[in-house]
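A.B. asks: When I checked TrEMBL for this same protein, it listed these features:
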| type | residues | note |
| --- | --- | --- |
| TRANSMEM | 7-25 | transmembrane segment |
| TRANSMEM | 37-56 | transmembrane segment |
| TRANSMEM | 77-95 | transmembrane segment |
| TRANSMEM | 115-140 | transmembrane segment |
| TRANSMEM | 147-174 | transmembrane segment |
| TRANSMEM | 194-217 | transmembrane segment |
| TRANSMEM | 229-252 | transmembrane segment |
| TRANSMEM | 272-296 | transmembrane segment |
Amino acid sequence: MITVVRRLWPVLVALIACSVVLYQFDWRNMLVLLPTLPVGWLLLVMASGTILVFATSAARWIAINQLSWEARTIKRVYCYVALAMAASLVTPFQLGELLKIRFAQESGLKLGNSAVNLALERIADLFTICALGVAGLIYIQTGFFSLAIATLFSITLFGIFTPLMLQGFIAWLGDTSFGSRLKSLAGPPLPLRNLVLVGVMTFLKWGLTLALWMLIIRLANVDISFWQGSFLLGAVAAISILSMIPGGIGVQEFSVRTMLVGMGIEPLHAETAAIVLRFLTPVMVLIAAAHLPLFYKKAQSTTA
């Protein structure tokens, strides 16, 4: 029974969340309001923001795996990182990013090395999400700018410096069997230059994501501050991941609506912003899918 509940938990949560969204949202007035929004600008912002996020994520993957910065490698990595990120949007716990491990083997990376590097990336992302949420909450509750900034950078940097801590742990283990095995999996130490680039790309990726969310919300006629946006992105991203629901369907809309109303936004505008933000997911998936012909073309040329 427990096993069945555990397996069905994401489905149950999704059904409950979608039911709440269906019955709580003012769909009649929202359907009148949605056509008045600048659809062209929304699509432009979503598309351009998505491409920039894909690009920064690809640059980080190249840096953390110590790949060459040749044009062919950059294009290839950009394509499969875009596809993996799109897959993560429609899989529980964003497990679609595991596709990067599969494609990384084409670049000569060992399975263990790419798996460890993907884990390090996810740790950096999770700490950054936590930093955004906690820092935003601190500023909203206290108004202390310096404390919020210190919290934002300290938590984020802790996640970014995880590769260094891993290498220190491996050195501490020494020549033990576990240490040797872990050293083989982790691969060569990450040079400082690459670590700095990983950090910069992590900041850029989530900075762009925050800017993208805030622009979309602003185009939906909802005005929030930077710190409110920081808290919103961090909290909603964490809730969506923990819910284990692909794309956080239902959970994201309910969370965005609840938090925006808590920030003093009228329910109708909060619900409209939540629905408009939902459209970002299919836009990202479609843009990633548009890379498929280019991806397979490059794969065939590489094979040839």
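From the backbone N, Cα and C atoms, a Cβ is placed for every residue, glycine too.
TrEMBL labels come from automatic prediction, so no person has curated them.
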A.B. asks: For the transmembrane segment (272-296), give me same-chain residues lying six or more residues beyond its boundaries with a C-beta closer than 8 angstroms to one of its C-beta atoms, as numbers and ranges.
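C.D. replies: Tertiary neighbours of the transmembrane segment (272-296) are 25, 30, 33-34, 37, 42-43, 46-47, 50-51, 54, 75-76, 78-80, 82-83, 85-86, 89-90, 212-213, 216-217, 219-222, 247, 252-254, 256-257, 260, 265.
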A.B. asks: Are the transmembrane segment (115-140) and the transmembrane segment (229-252) close enough that 3 or more Cβ pairs fall under 8 Å, when only pairs 6 or more apart in sequence count?
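C.D. replies: Checked: the transmembrane segment (229-252) vs the transmembrane segment (115-140), in contact.
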A.B. asks: Please work out which recorded stretch in 7-25, 37-56, 77-95, 115-140 has the most C-beta pairs separated by under 8 angstroms from the transmembrane segment (194-217)?
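C.D. replies: The stretch I would name here is 37-56.
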A.B. asks: Per the definition of 3+ C-beta pairs under 8 A with sequence separation of 6 or more, do the transmembrane segment (37-56) and the transmembrane segment (77-95) touch?
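C.D. replies: Touching, yes - the transmembrane segment (37-56) and the transmembrane segment (77-95) meet the threshold of 3 or more Cβ pairs under 8 Å.
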